[in-house]
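First comes the structure, then the notes that go with it.
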Amino acid sequence: MSRTVMADIGSSPLPLLFRRRSSGEIRNLATVSSSILPAFGTVVDDGYSHLNKYVIVPYDQRYRNVIWCRWWQTFLVVLVLYSAWASVFELAFNKTARGPLLIVDMVVDVFFAIDIVLTFFVAYLDKSTYLLVDDHKKIALRYVTRVWFFMDIASTLPYQFIFRIFTGTWHDGEVFGFLNLLRLWRLWRVSEFFKRLEKDTRFSYFWTRLLKLLGVIVFAVHSAGCFYYWLARHHKTPANTWIGTAVEDFKHRSVWLCYTYSIYWSIVTLTTVGYGDLHAVNTGEKIFNMIYMLFNIGLTAYTIGNMTNLVVHAAVRTFAMRDSLNELLRYASKNRLPEGLREQMMAHMQLKFKTAELQQEEVLQDLPKAIRSSIAQHLFRRTVEKSYLFNGVSEDLVSQLVSDMKAEYFPPKVEIILQNEIPTDFYILVSGAVDLLTYKNGTEQFLSKLGAADMAGEIGVIFNIPQPFTVRTKRLSQVVRISHHHFKQMIQPQGEDGKIIIANFMKYLQGLKEDVLQEIPFLTELLADQNQKPTEQNEEQQNRETLESQDANPEGRTGTSSLPGESTIRVIIHGHHPSDGTSSDRLGKLVYLPDSLQDLFNLAEKKFGKRGSTILMADGSKVEELNVLRENDHLFVV
């Protein structure tokens, strides 16, 4: 097809951005980059069924999916490569008169003639109205009034054969050799072909670019060698030429021998080796040599520049990694960081570069949120569903959690969570293993090991307390994390799911080892209160009438018997005055807020062994009503 049509399809960005009509369905999402897009506000129609008959729409998937349309341009590129080689070769060695080359040339010209005919049936995009034009007269008028039409015709006509038809004889003149050079016009197809290959992700960009550079060099070598031989063949004194000094009577020698000498000279000159065995003798050859060497300067710069870009592009990540590691080493040395911390920094930075291709954060950020969520659902949904905390929750909550999670890698022997740090995130292990550690009196103690689908850091997040444990990786581990803030935002409107999560959490706490529970003092008391539930439920059944009459303030719901799911407010109570900071219970007791002040006094008496009469806040203000209290308030019963 003509160059204007090819330009409409791939070269100009405008047709890809604007259009008043477009196909209703894109069957292959991978080819969307080669489809024209509807303009904003336009109604997408049902396809191209409304177009005139015998019109080819290059943007329609139906035409791009058939064999002839998919491979026609590639087949023509192969013919162009032959034409480019043959046109220069035939001129230099005077092989245009008769023989096998003439037959091959005519067959090639027939295919390009077919392509010219097909161009009259290809719809085009009007750049002034951005409408797809399918009128045959307008298509033909547009094509024949462009210079491309005349160049296509001129490069396709078999001049030698036409002369034979009108005169009845073959002509051996040079004029037909120069007319055949018009076939070099077809080289634009090769350029368009490589542009498409470079954008096609199925092919390696490095090898595509390298093949293009090699093709340019080979064609330059071939053309220069042939023209240089043409100068020698037309010199009035054959012996006074560059090839005549080395090969006597070269005009009567084998064509391939002379072609070998020509290519040898061209390659030696291009590479600036200059052996001196073949050199310019007469003035015309010296002028041609000067022009060729000036051209070689530009070609060499073009080749070296492209090869440098390809090599540097392949190694740019390595350079960035080495620079980052060197910066880390300088920072660690300047600040005299300990060796263990320095090794952790180096390991984390190396792992970051190794896993960059897996995470592709920069690429994913450019995708719509729906696609990013779908990717996260595919990768991590099963892991989240297997974790104990979300066992039995609704599908909607799981989808929301997975969509907001971030994936990370941690190298071996690196801390994910530090003991006593502020809880900001909790983690679910996708793969690998971690250790739960605690520090007592400056010594490190091992508590337990976590594996795939286990959680770390959730105790600090749910109780809103400093992290009770240090979490350290045993080997290369992949985790997904969710922030404290996002987790609470998603749980608050989900009442039923919140109860399930609390129930799962309490069940998990009951199964913890004794040495783990000892690291969180209030857990033992909380679990003891939870175990009192059956007894108090019996008391509630015996006093059912009392419970029904006091539905707003159930008698059986005291601070010591409330379940985590029955009260939404937790407070920390102390058995001393706010100004007394030396008491042994200054850390307080985390309890669920009961229904009345009297119940709170009873609870404090049970916890501290003494009866109070006044409840104060940290600032010394007296508490008169419980409904003014908030989550994690500190209460002082005196």
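In case you wondered, yes, glycine gets a Cβ from its N, Cα and C as well.
According to TrEMBL, the transmembrane segment annotation covers 71-89, 101-126, 147-167, 210-231, 254-275, 287-305. Taken from TrEMBL, the feature domain 'Cyclic nucleotide-binding' covers 389-508. Residues or ranges marked as region 'Disordered' by TrEMBL: 529-565. If you look up TrEMBL, you'll see 570-638 marked as domain 'KHA'.
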Number of helical, extended and coil residues in the domain 'Cyclic nucleotide-binding' (389-508), per DSSP: 40 helix, 43 strand, 37 coil
Contact call for the transmembrane segment (287-305) and the transmembrane segment (210-231): at least 3 Cβ pairs under 8 Å, seq gap 6+: yes
Mean predicted confidence [pLDDT] for the domain 'KHA' (570-638): 80
Per-state residue totals over the domain 'KHA' (570-638) - DSSP helix, strand, coil: 15 helix, 16 strand, 38 coil
